[in-house]
Amino acid sequence: MVSLQVSPLSQTLILAFLLPQALPAGVFELQIHSFGPGPGLGTPRSPCNARGPCRLFFRVCLKPGVSQEATESLCALGAALSTSVPVYTEHPGESAAALPLPDGLVRVPFRDAWPGTFSLVIETWREQLGEHAGGPAWNLLARVVGRRRLAAGGPWARDVQRTGTWELHFSYRARCEPPAVGAACARLCRSRSAPSRCGPGLRPCTPFPDECEAPSVCRPGCSPEHGYCEEPDECRCLEGWTGPLCTVPVSTSSCLNSRVPGPASTGCLLPGPGPCDGNPCANGGSCSETSGSFECACPRGFYGLRCEVSGVTCADGPCFNGGLCVGGEDPDSAYVCHCPPGFQGSNCEKRVDRCSLQPCQNGGLCLDLGHALRCRCRAGFAGPRCEHDLDDCAGRACANGGTCVEGGGSRRCSCALGFGGRDCRERADPCASRPCAHGGRCYAHFSGLVCACAPGYMGVRCEFAVRPDGADAVPAAPRGLRQADPQRFLLPPALGLLVAAGLAGAALLVIHVRRRGPGQDTGTRLLSGTREPSVHTLPDALNNLRLQDGAGDGPSSSADWNHPEDGDSRSIYVIPAPSIYAREDWLIQVLF
C-alpha cells in the first residue's frame with residue numbers, strides 16, 4: 001500500500017488555491033417588514049389556533065430562470081430560514097393585526113455567478129408553542145411565488161404580495177462578497193496596480209486605480225503589480241508587461257512593427273493586448289478604452305460590465321398590481337409600467353392612499369377596500385361619490401296642512417297652527433306659552449292667536465295699559481313680563497293720541513268692509529245662547545266651550561255648544577262670526 005506524502009508547503013499552497021474557490025460569490029438578502037391581514041381581503045383570525053401562542057418563521061428559496069417553476073423543485077440557488085422571530089401573542093379567535101418584524105432579515109449565500117433572472121419563493125411557517133400544542137409542530141401558513149430580475153449591487157427593491165387573506169411586505173437585494181465584483185459577481189478584484197514603463201511606439205501606460213482591498217485570486221505567481229484577473233486562475237497583464245505571469249517588461253528594441261524583444265533575445269514579440277482586443281463586450285455592446293481599462297456601451301435591454309446581464313422586458317411581467325407594461329421610450333429603459341389607479345412606482349409596487357384625495361363629496365365617508373373605492377354617503381345624498389342631492393320631501397308629505405321644508409340633506413315640517421311634531425301629527429296648544437300679558441286670556445283662531453285683555457289693557461298681546469281717569473298711558477310692559485304682574489307703564493300723551501287715531505281709522509275701515517244688512521250674513525253664526533258681545537262679555541261667552549261630536553262644519557252650518565264637564569282641559573278653537581263685528585257702537589266701545 002502506497003501512501004501519499006504531502007509536504008506542509010504543498011498543503012499550504014493547495015489550501016491557498018482552494019480556499020478562495022469555496023468563498024461565496026455573493027449573498028441574496030430579503031428583509032421582511034410586516035405580515036398580516038390585507039385590506040379588502042376579509043378579516044383573518046390570529047395565525048395561532050386555539051391551542052395557544054405560536055411563532056412565525058419565513059423560508060426563502062431561490063431558483064434559477066424566469067419561468068414559473070414547480071414549488072417542489074430544488075432551490076438550486078440557495079435557501080435560508082429566518083431567525084430571531086418574536087412570539088405571536090395575540091389571543092386565539094381575535095382579529096389579527098400586522099406583525100412587524102424588526103429583525104426579519106434572511107440571507108441566502110450563492111457560490112456561482114448571480115444569474116440576474118430567478119424565481120423567488122417565500123413561505124410563512126407557523127410553529128405551535130405551549131404545553132398543549134399537540135399535532136404537527138410546523139404548519140405552512142402562506143406561500144408567495146414570483147419571477148424577478150435583479151442585478152447584484154443595486155439598491156433595495158420593495159414589494160408587496162398577497163396570498164389568501166394575508167399580505168406580506170418585504171424588500172430584497174443581491175450583493176457581491178469580496179473579492180467578487182460586478183453585476184453578476186463573476187469578476188474578481190484585480191490586484192493593486194503600479195506605474196509601468198512604456199517604450200516609444202507602444203500604447204500609453206496608465207496605472208489602474210485600486211478596485212478593492214481584497215487579495216487577488218488570480219493564477220498562482222501572477223504579478224501583483226503588473227497583472228490582474230477577472231476569472232479564477234487567470235493572469236492578464238497591464239500595459240508594458242507581458243508573459244504568462246506578467247513579469248516580462250516590454251522595452252524599446254530593434255524589433256519592427258511595434259514588436260518587442262522576446263525572452264533571452266530569442267525573437268520579437270507583439271505588444272501586450274489592449275483592453276478592447278477581441279471586443280469583451282457581449283450581446284452587441286461596443287467597447288471603448290478608458291485610462292488603460294475599457295467600458296462597454298450596452299444595447300437596450302442589457303447591462304453589466306460586459307453587457308452580460310439581460311435587462312427586464314415586458315415578457316417578464318415586471319409590472320405589479322395590474323400595471324400595463326409597454327416598451328420604454330428611453331434607450332436606457334427596457335420597459336415602462338403604467339400603473340392602475342391606486343398604485344405608483346417604477347413597477348407599480350407602491351399603494352397610494354386614494355382617500356387622501358377626498359373623492360367623496362358632500363361629507364361622504366371614504367372607504368378604501370383595496371380592490372375598489374367606496375363612499376358612504378350622508379342622509380339625503382347618493383351616487384358613487386355622493387354627488388346627487390336627493391329630494392328629501394319627495395314622497396313624504398306633512399300631515400294636517402303642514403309644509404315640507406328641505407335643506408342641508410335633511411327635511412322638516414312647518415306645521416299649521418295647533419299641530420306639532422316631526423310630521424305635524426301631534427296636537428299642540430298654542431296658548432301653552434301664555435302669550436297674553438297682564439292677565440289676558442288666550443284663544444286659538446284659524447289665523448293666529450287671539451288675546452282677550454283684562455279691563456284697562458289693550459293691544460295684540462294686551463301689552464298696552466290705559467288708565468280709566470284719562471291720565472297719560474304707559475308704554476308696553478317689557479318682554480318677559482308675566483300676565484299676573486301688576487306693574488304698569490304710561491304712554492306719553494302724544495303717543496296715546498296717535499295710537500287712538502290709528503285704531504279709529506282701522507275700525508272705520510273694518511266697518512265699511514264688514515257691515516252687512518239682515519239676511520246677508522254668510523259667515524259662521526253666533527253661538528246659540530250668547531248675548532250681544534261687548535268689550536267684557538265676549539270673551540266670557542266664548543270661554544270654555546266645546547263642539548259636540550257629530551256637529552256639522554262649513555260656514556253656514558249651525559253648531560250646538562255645551563259647557564264641558566269639570567276637569568276637562570282641552571283647548572278650544574273658535575272661529576268668530578262676522579256678525580260679531582257688525583255693530584259700530586261695539587267697535588267704538590272696544591277701541592275707546
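For all residues, glycine too, the Cβ spot is worked out from N, Cα and C.
Taken from Swiss-Prot, the feature disulfide bond applies to Cys218-Cys229 (among others).
Counted within 10 Å of its Cβ, the other Cβ atoms near Cys287 (disulfide bond) come to 19, all protein chains included. Taken from Swiss-Prot, the feature disulfide bond applies to Cys276-Cys287 (among others).
Around Cys296 (disulfide bond), taking its Cβ as the centre, 22 other Cβ atoms fall within 10 Å, counting all chains. In the three-state DSSP classification, Cys296 (disulfide bond) falls within a strand. Annotated disulfide bond per Swiss-Prot: Cys281-Cys296 (among others), in sequence order, evidence recorded as sequence analysis.
Residues or ranges marked as disulfide bond by Swiss-Prot on the basis of sequence analysis: Cys298-Cys307 (among others). Just so you know, the Cβ of Cys307 (disulfide bond) picks up 23 other Cβ atoms within 10 Å once every protein chain is counted.
According to Swiss-Prot, the disulfide bond annotation covers Cys314-Cys325 (among others), on the basis of sequence analysis. The secondary structure of Cys325 (disulfide bond), as reduced to three states from DSSP, is extended strand. When other Cβ atoms within 10 Å of the Cβ of Cys325 (disulfide bond) are tallied across all protein chains shown, the result is 20.
Positions annotated as disulfide bond by Swiss-Prot: Cys319-Cys337 (among others). DSSP assigns Cys319 (disulfide bond) to coil in the three-state reduction, outside any helix or strand. Same-chain residues at least 6 positions away in sequence with a Cβ under 8 Å from that of Cys319 (disulfide bond) are, in sequence order, Cys325, Tyr335, Cys337, His338, Cys339, Asn347, Cys348.
According to DSSP, Cys339 (disulfide bond) is assigned to coil rather than to any helix or strand. Residues or ranges marked as disulfide bond in Swiss-Prot (evidence: sequence analysis): Cys339-Cys348 (among others).
If you look up Swiss-Prot, you'll see Cys360-Cys375 (among others) marked as disulfide bond. DSSP assigns Cys375 (disulfide bond) to a strand segment in the three-state reduction.
DSSP assigns Cys404 (disulfide bond) to a strand segment in the three-state reduction. Taken from Swiss-Prot, the feature disulfide bond applies to Cys393-Cys404 (among others), supported by sequence analysis.
Its own atom aside, the Cβ of Cys431 (disulfide bond) has 17 Cβ atoms within 10 angstroms in the protein chains shown. Marked as disulfide bond by Swiss-Prot on the basis of sequence analysis: Cys431-Cys442 (among others).
A sphere of 10 angstroms centred on the C-beta of Cys436 (disulfide bond) encloses 24 other C-beta atoms. Residues or ranges marked as disulfide bond in Swiss-Prot: Cys436-Cys451 (among others).
The annotation disulfide bond is assigned in Swiss-Prot to Cys453-Cys462 (among others). Note: Cys462 (disulfide bond) has non-local neighbours Cys436, Ala437, His438, Gly439, Gly440, Cys451, Cys453, Ala454, i.e. same-chain residues 6+ apart with C-beta under 8 A of its own C-beta. Under the DSSP three-state reduction, Cys462 (disulfide bond) is assigned to coil, being neither helix nor strand.
What Swiss-Prot records for 174-213 is domain 'DSL'.
The feature domain 'EGF-like 1' is assigned by Swiss-Prot to 214-247.
Residues or ranges marked as transmembrane segment in Swiss-Prot (evidence: sequence analysis): 491-511.
Within 10 Å of Cys296 (disulfide bond), counting C-alpha to C-alpha distances, fall the following of the disulfide-bonded residues Cys218, Cys287, Cys307, Cys375, Cys393, Cys431: Cys287, Cys307.
Cys314 (disulfide bond) sits 36 Å from Cys360 (disulfide bond), counting Cα to Cα. Of the recorded residues, Cys442 (disulfide bond) and Cys229 (disulfide bond) place their C-alpha atoms 114 Å from one another. Within 10 Å of the Cα of Cys281 (disulfide bond), not one of the disulfide-bonded residues from the list Cys360, Cys393, Cys404, Cys431 places its own Cα. For Cys314 (disulfide bond), other Cβ atoms within 10 Å of its Cβ number 16. Using a 10 angstroms CA-CA radius around Cys404 (disulfide bond), none of the disulfide-bonded residues in Cys218, Cys287, Cys298, Cys307, Cys360, Cys431 qualify. Among the disulfide-bonded residues listed here, namely Cys218, Cys276, Cys360, Cys276 has its C-alpha nearest to that of Cys298 (disulfide bond). When the Cα of Cys307 (disulfide bond) is compared against those of the disulfide-bonded residues Cys229, Cys276, Cys287, Cys375, Cys393, the shortest separation belongs to Cys287.
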